[in-house]
Amino acid sequence: MVKQDPRDKSSYSPNLSIPINNQEEPTLNNNNNNNNNNNNNNNNNNNNNNNNNNNNNNNKNNNNNNIKHKDEENDFEDSIYQIAKEHEGEEDDEYFPIPLDELMPNHENDELTKKIKQTRPEDKTGLYVYCRNATYTVKHRENKKVKIKLLDDVSFFLRPKQMTLILGTPGCGKSTIFQMLAGQLKDKHFEGELLFNGHPINHKNHHRDISYVTQDDIHVPTLTVKETFRFALDCLGKKELTREEKQVSVDNCMKLLGLKHAENTLVGDNFIRGISGGQKKRVTIGVGVIKGSNLLLMDEPTSGLDSSTSFEILSDVKKFVTYGYSPALITLLQPSVQLTSLFDNLMIMSKGKICYFGPMNRALGYFKKLGFACPSHNNPAEFFQEVVDAPERYSFIHPPKCKTSDDFVKAYRESDIYLELMEKMDANKDGIVDDNKPKVLVDSTAKELGMYPHGIGYQTKICLKRGFIMISRNYYNFATRVFKGIFFGLLLGTLYWRIGHNQSGGMERFGLLFFIMTTIIFSSFAAVNSFFGERKVFYSQKALHYYKTGAYFISSIICDIPAGLIEVAFFGPIVYWLANLRPVFIRFVYFMILLFITDNLSLSFAKMCAAISPTIEIANVTASVILSIWLLFSGFTAPKNDIGGWWIWLYYISPYTWIFQGLSINEFTYQAYGCKDSELIPPRTPQNLLPYPEGFGGNQVCQYTSGEQIMDAFGINNPDYFKWIVYAILGAYIVFFYSVCFFALKYLNFEDKKSKLAVKKLKKKKKVIVCKEDEEPNCKVTTEALERVSDDNDDNADISNYDDDTVIDMKSPLTSPNYNNNNNLSGSGNNIKRRKVKTPSTLSPMVNSPLTNLSPMVNTPSKNGNHSKQKPISTSQKDISSETGSYLQFKKLCYAVDVKADDPDNPKKKKSQRLQLLTDIDGYVKPGQMLALMGPSGAGKSTLLDVLAQRKTGGHITGEILINGKPPSEFTNRIRAYVEQMDVLPPTQTVREAIAFSARCRLPPEVTKEEREIFVDKIVEVLSLSSIKDLKIGVLGNGLSVSQRKRVNIGVELASNPEILFLDEPTSGLDSGDAFKVIDVVNKIAKVMNRTVICTVHQPSAAIFEFFDQLLLLKKGGETIYFGPLGNQSSVILDYCDKLGMHIKPHINPADFVMTLADEGKMVEGPNGEQEHLDAKKAYFESNICKKEYEIMEGQLIPDDFVVKTYDSRFASSWMTQFRALCMRSWLSRLRRPAIFVSNCLRSILLAVLLGTLFVRMDYEQKDARSRVSLLFFSFLFAGMVAIGNIPTTVLERGVFYREVTAGFYHSTAYMISYVLTSYPFILSTGILYIIPTFWIAGLDSGRHSSKFWYCLFIFIITYIMYDAFALCLAVCLPNEVMASTICGIGLSLATLFGGFVIARPNYPSAYYWCHYLDWLRYPLEASCTNEFTGLTFVCTNNKGAVPIPIIENGVQIAIKYYCPITNGDDFMLTYGFHKFMRYIDIAAIFGYIFIFVGLSFWGFKKVRWLNR
């Protein structure tokens, strides 16, 4: 049997009818209506003549109804008030709200209540909130001329000992209400009256009177639960609290929230294992309420919690409110009737206006007076949420009297409830709306309270305490820095082992000092990533006034000291003494202090970049560019003497200049240098041995005989005492960086400014209009996008076949063109029934085209004014969606995982044992059915779904899974689709492109392009995505809303035309309206397309629960306690529960009621009325339902005529088809990230101009020889920095790849090749934009016919490709971008060290030759340098750069002759160990590295999965 859409009101049992006009009497007789319906059904079975007569009668009725409806619309202004008057005496619902004594028996005398009464201050009265005519206006983010009213004439009051619930769809103004009451709104945009205990808000200390529980779970991951609570109490608690009192408060709060057993467990995050999501939500609530307050604000505190836990928490909040004298304002997403009954008042909002504010017990009666009734088994909270947005679902007046939210606002303001509210507020203009006003009230405006309960000294102390706890837990960071210190210390110490005080030793010391400096700098540079994680927590706690910015900032600086100190303590001494730096104690101490200051300077700079940048990507780019420029101008790569006057200011403002000078002065001053025989100038060649003046007569000199001379060659000519001034200079830099960081933290908050509404168009900006879409307010949509939506497009397509006996109407009958007002006039909405429909096999061929029937019909008006149904558009093509679903069976299914547990024999050791998560699960699903998997948290719902979908990557599975009677094979992915809970979608694709890509890859080649496009368009229509089909998906928070992303995710999987559809928590994070939309779509897929659907659901509403045919209910431990049908209005399972002694009451959600079967220690009513324990598992296996289900499973489940499809390949499409689709998507993805591409291009141009002008028009003097090598060396370093910037994007897209390749979209090789090939044009452009300007501005040698230029360009391009392949390899093979970026940085550092520039190859110790030859930077550097220097001749014009050689004969100096050291480019290259004949071997080596890195990337894409299930 196929279920009817729960919105169908045609079968509601009416208990009240509102007259259409004054002459018509209310119809109260249900039997008459039923007789009329039976007569109509009999008439439908008569011959054609009778049918024609009935049609004529229906036409007349419809015409009459149209006239009546028109009259009603004209009289709308008076109808609402009239209806309210007619039903003024109607009684409120006797079953809602549930009495408090029934919800919380003996709540007045339980232990918690007693503690609350004992600890409550005697003078506590709570806060009375008085809000009248409040309006808050802001400017639109995109169009500043447009003003948006987030709150519009809002009036309400709150008083102690009462809880008020706010309901409304996202964007209705709930969060703005909270921000207003929390004092977080700007007064200049606020109009109206807002009083707290009769006084205006005092922004200085208002927060001390309130507890604000936010919906985001933002905590320090390395603190335990207990430490998190204690820190919150230390910051927010009263100064008078003693240590013992704080401990008691923390223990009580943890016990209340059920966290005592986890008090010593880390909170955790994505990288640190900690408490569960539900427990984290409890921690959020706990830290918000632990300080105690006079007003409690809670924004969606139960998100992610199961119903029993939510009720447990809010029932305790109710006790705090009632007996702690604090009012509470709370918003919930999908509250149960039990939760709703805890509240005293209800506020319903829409578009910033109040649609209802009044007592909870009068709400149902109020809406019934307006013509809207809540069905008997519907949760009233869902009714309250949905009635404003979908009034036709609940109206028993047709058409509804209130059709829009403005109608409801108007009706509310004309109601008695609103008039009573205004009378109370007028009578209590002092702001205290209460019959019994307290004599003394809290007045925070009069008290001279500070902003914080504690001074900055105490705040710094507790922040320091927390910081050192975090340091002690973050042993990974310490271990990493210690390892790096020891590793690089030993590496540099042995590489520069015992450097001599000779000419080569002097130059090598400069290289060593430079590399020591960069090692410390890059170690601290990682603070950019770590500080971003801390910044989010800081923003949250700063908004809640935990501490002053200064307290946090000072503690942060102090806590950073140990890590840097430890690394310097290991690194410094090792490299200093092994490398034979100056063996003087005071110089060693200076060296160590300078390294420590360098660490702090780099740390302060990294933190500053993180504090002033909105995103981590911008911070990394900003920091890397500035860092590169400062290192370039630090005096080593480009000595001061070589820097032109136009860039010399960069030399002086670079802090690394002064670090390098300090290290150099400390090492070189007052130190004599000599020469080895081979270092004397000129060398002893036959030419130089000739007598003067032809030669030098055998005379030789040592070029540098003191450290000062060597420093002067690098432009460092400051005296020894200047090194102490360096400390002061660097201290000033540190103060400046930290000051900027401090003020950025104090005055900037990028989390608030992040646009969550930025759904951007791909095409260039058109005219922007302001709209309030279904999920997100104030979104940006172009008029072009709106025009593309056809006028007859609707969220709920009208689905009908052409058989007179069978009509499936996916719309509400109230809005359907076929709606007959006579038959439905008196439907009150009390019952939800399922309509019988013929099976697909019996339908006409046209009906056997499911998606065709979901498309809009062409309605042609007939002569009598009705619309006759025509064939759907575009039916000439074959329907590729006409297949049916598959039969899924599972028998004795078990799943277990291996875990580490304490060994009872040895408590110090862990023992491996097997944890059983699923035990002997049996069940089946047929085509056209929807199976719901339900159970409490930890029952194994998602685990079972993963096992059935074969998505588990580990664990032990036993039992049997059969699809169409056969075990799953490697081809099963062809017929199934899995909609994951986390909607991992390609952010740069549009909605339609994402669905079309899935169809192109997953549909067989027999499907033509035209058929595929039609299929995709139909899916877009079915999922109500037509209005946003050309918008980019984006990422969560900056793109489509959660509901839209969920529907797109379903569309992507539906595009494969699956026979079985698995969905994991498709309603998580959605409000009831959005959840209904999503499940409504899933229902269409199952019923109309005849697919097999298995879905896990969490707290479904009654309307959603009605969509499902079968239920598999699990209890904790993964055992079945019910598997069987639900029945009409859940009648089968409710009858089953009734036989067990469980009786449902009106307005109780059947889904919540059924879930109580899984409660541990469940007590039910026995045969004689006594209470007895229920063994749900035993009861089910002894029931008749179980026997019937097992008879079906063991019998012939699959019909004899059922045709099973067979496949001979894993993929539906060919490799080439997948490759083309992937190339197109990857290419568009890169084009649609212009920020990345443009930033890379701008960085290339900037550095090209910078380096080109730094080494502008190099000549052939002595200094130009070294400058040419420096330019080429730094250019290759820049290529490596560009590669690091590609890692985050690759890691982001890796998640999409994991999902798609697991689902069988494509071969991993097709993805890899397309990804690599589409990156080459962008690499090419980045390389060209750098090398061409640099080459010609700097004046590198172009050679004959520019041959050197083209060779150099070729080397740079393939080097860029090599670095990109290296970064890709790390991004694919390592678990996250932090580790990949770190390893990439280390790799680039080692490449720099062994590349042949810092140390020339002849100077390497023989033990390190292999490192030089393995270094991938060596080969492009050698190729480009030999290309540049071949055939070049260098001179010493006017003896510039020449070495004066005294000519001595017979002991007397007779002349001075100058020797030019570098004259031949080839000879100069030999000093670096570079050979001309290696040029083409170098090319082969570069391609070899490309092959290795790409090959490792292939292996990573194929084998590595950093996503375990």
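A Cβ is built for glycine as well, from the same backbone N, Cα and C atoms used for every other residue.
Per Swiss-Prot, ATP 1 binding site is recorded for G168, T169, P170, G171, C172, G173, K174, S175. Summarising the environment of P170 (ATP 1 binding site), the number of other Cβ atoms within 10 Å of its Cβ, over all protein chains shown, is 19. Annotation note: P170 (ATP 1 binding site) sits in a coil segment as assigned by DSSP.
For 1-10, the entry in Swiss-Prot reads compositional bias 'Basic and acidic residues'.
The compositional bias 'Polar residues' annotation in Swiss-Prot covers 11-28 (among others).
Annotated compositional bias 'Polar residues' per Swiss-Prot: 839-881 (among others), in sequence order.
Among the features that Swiss-Prot reports, transmembrane segment is placed at 512-532 (among others), with the record citing sequence analysis. Sequence-distant neighbours of the transmembrane segment (512-532) (same chain, 6+ residues past either end, Cβ-Cβ under 8 Å): 477, 481, 484, 488, 492, 496, 499, 560, 564, 567-568, 571, 575, 579, 581, 595, 598-600, 602-603, 606-607, 609-611, 616, 619-620, 623, 627, 631, 634, 636, 656, 659-660, 663-664, 667, 1378, 1381-1382, 1385, 1389, 1392-1393, 1398.
The transmembrane segment annotation in Swiss-Prot covers 557-577 (among others) and rests on sequence analysis.
If you look up Swiss-Prot, you'll see 583-603 (among others) marked as transmembrane segment, on the strength of sequence analysis.
Away from its own ends, the transmembrane segment (616-636) comes close to residues 510-511, 514, 517-518, 521, 525, 528-529, 532, 605-606, 609-610, 643, 647, 650-651, 654-657, 659-661, 714-716, 1239, 1243, 1246-1247, 1250-1251, 1254, 1274, 1277-1278, 1281, 1284-1285, 1288 of its chain (Cβ-Cβ under 8 Å, at least six residues beyond either end). Summarising the annotation, Swiss-Prot assigns transmembrane segment to 616-636 (among others).
The transmembrane segment annotation in Swiss-Prot covers 643-663 (among others) and rests on sequence analysis. Here the transmembrane segment (643-663) has long-range neighbours at 513-514, 516-517, 521, 590-591, 594, 597-598, 601, 605, 629-631, 633-636, 716, 718, 722-723, 726-727, 729-730, 733, 1250, 1253-1254, 1256, meaning same-chain residues at least 6 beyond its ends whose C-beta is under 8 angstroms from one of its own.
Swiss-Prot lists 725-745 (among others) with the feature transmembrane segment, giving sequence analysis as the kind of evidence. If you look at the transmembrane segment (725-745), the same-chain residues 6 or more away from its ends with a CB under 8 A from one of its CBs are 535, 538, 542, 549-550, 552-553, 557, 593-594, 597-598, 600-601, 604-605, 607-608, 611-612, 655, 658-659, 661-662, 665.
The transmembrane segment annotation in Swiss-Prot covers 1236-1256 (among others).
Annotated transmembrane segment per Swiss-Prot: 1271-1291 (among others), in sequence order, evidence recorded as sequence analysis.
If you look up Swiss-Prot, you'll see 1320-1340 (among others) marked as transmembrane segment, on the strength of sequence analysis. For the transmembrane segment (1320-1340), the list of distant contacts is 1230, 1237, 1240-1241, 1244-1245, 1247-1249, 1251-1253, 1255-1259, 1268, 1271, 1275, 1278-1279, 1282, 1348-1349, 1352-1353, 1356-1357, 1360-1361, 1364, 1428: same-chain residues at least six beyond its ends, Cβ to Cβ under 8 Å.
Using a Cβ-Cβ cut-off under 8 Å and counting only residues 6 or more beyond its ends in the same chain, the transmembrane segment (1352-1372) has close neighbours at 1275-1276, 1279-1280, 1282-1284, 1286-1287, 1290-1291, 1294, 1315-1316, 1319-1320, 1323-1324, 1326-1328, 1330-1332, 1335, 1340, 1380, 1383-1384, 1387, 1416, 1420, 1423-1424, 1427-1428, 1482-1483, 1486-1487, 1489-1490, 1493-1494, 1496-1497, 1500-1501, 1504. Summarising the annotation, Swiss-Prot assigns transmembrane segment to 1352-1372 (among others) and lists sequence analysis as the type of evidence.
The transmembrane segment annotation in Swiss-Prot covers 1379-1399 (among others). Below 8 angstroms of C-beta separation, residues 484, 491-492, 495-496, 508, 511, 514-515, 518-519, 522, 525-526, 529, 1269-1270, 1273, 1276-1277, 1280-1281, 1283-1284, 1287-1288, 1291, 1366-1367, 1370-1371, 1408, 1411-1412, 1414-1418, 1421-1422, 1472-1474 of the same chain, each at least six residues beyond the ends of the transmembrane segment (1379-1399), sit close to that stretch.
Positions annotated as transmembrane segment by Swiss-Prot, on the basis of sequence analysis: 1481-1501 (among others).
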Contact between the transmembrane segment (1236-1256) and the transmembrane segment (1271-1291) (at least 3 Cβ pairs under 8 Å, separation 6+): yes
Residues near G173 (ATP 1 binding site) in space but at least six apart in sequence (CB under 8 A): L150, L151, V154, M349, K351, G352, K353
Folded-back contacts onto the transmembrane segment (583-603), same chain, C-beta under 8 angstroms, at least six residues removed: 516-517, 520-521, 523-525, 527, 560-561, 564-565, 567-569, 571-573, 576-577, 655, 659, 662-663, 666-667, 723, 726-727, 730-731, 733-734, 737
Cβ atoms near S175 (ATP 1 binding site) (within 10 Å, other residues, all chains): 18
Fewest Cβ neighbours within 10 Å, where candidates are the binding-site residues G168, G171: G171
For K174 (ATP 1 binding site), the number of other Cβ atoms found within 10 Å of its own Cβ: 20
Residue with minimal Cβ packing [other Cβ atoms within 10 Å] among the binding-site residues T169, C172: T169
